[in-house]
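Record features, source TrEMBL:
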BINDING   165, 166, 167, 231  NADP(+) binding site
DOMAIN    5-120  domain 'Tetrahydrofolate dehydrogenase/cyclohydrolase catalytic'
DOMAIN    139-284  domain 'Tetrahydrofolate dehydrogenase/cyclohydrolase NAD(P)-binding'
Ligand SMILES: Nc1nc(=O)c2c([nH]1)NC[C@@H]1CN(c3ccc(C(=O)N[C@@H](CCC(=O)O)C(=O)O)cc3)C=[N+]21
Ligand SMILES: [Mg+2]
């Protein structure tokens, strides 16, 4: 049975670091690091997630502000809100929950967030900084995955890694971070040929495809490390169950180490979001 990489426990460690940084920023500079979360529409999964973020922020002694806008909100209204948050000195981080309703332009929204407050790390300036090896605000999920990987591989140099999925939110920034850690990185996606045998050669597989239990034990080299980014809600006998992109049951029998879902990458994403918020706050000190 593979070693379990406990995201809940690791994220508690990250949140403790966040809490002491918050203490320091309060005591020394009299600022309360504050995250503004913007949610457009009422997707129930998004609401759970937003509630979790606000809860953890409060526990870490941070400030948080929630802006809920209805699903029909116009681009102009959203732009005006972001403009207001960009210029509010008491807001250090801005997160606009994605995906947005289809009438809104996500790229425009992301580009309108001040790069210094872009705690998701999605602004083109932050994307460019990461791509050219000068990371500043790094996307939370890949950042959390790196912390988990370091538990098993303190030195990642020379490891063969396959990242399955090429999204701007996970796959691409994940590959950039791994490359910076001197891994040999392959990005696989829906058009990739022989994806199974590619994965079977990897020391590390990062699964970020958004398909429930897509990757099974045949894809995994015995002893390899598997990071499961997927969070998919499936129906099992009328009950809602969360599963990853990895068939945990079978893969855990061949892998050397694996992250669970829930309790894996998800909590680490939230930990890193709050870590980014303290970093953003520190950089905004006059
Ligand atoms: N601008 C933006 N930034 C994001 O980072 C972002 C986003 N939009 N939109 C939605 C996705 C999704 N996401 C999750 C993070 C943590 C959990 C999480 O903590 N999940 C728990 C389970 C929660 C449950 O029980 O439903 C776990 O995996 O253990 C889930 C989902 C961040 N996202
Ligand atoms: Mg894909």
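Cβ atoms here come from the backbone N, Cα and C positions, even for glycine.
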Calculate the per-residue pLDDT averaged over the domain 'Tetrahydrofolate dehydrogenase/cyclohydrolase NAD(P)-binding' (139-284) and state the result as an integer.
-> 98
Where the C-beta lies under 6 angstroms from ligand 2, the matching binding-site residues among 165, 167, 231 = 165
When the domain 'Tetrahydrofolate dehydrogenase/cyclohydrolase NAD(P)-binding' (139-284) is classified with DSSP, how many of its residues are helical, how many are strand and how many are coil?
-> 58 helix, 32 strand, 56 coil
Quick one: which of the binding-site residues (165, 166, 167, 231) have their CB closer than 6 Å to ligand 1?
-> 231
Site diameter for NADP(+), Å, by largest Cα distance between 165, 166, 167, 231 = 16
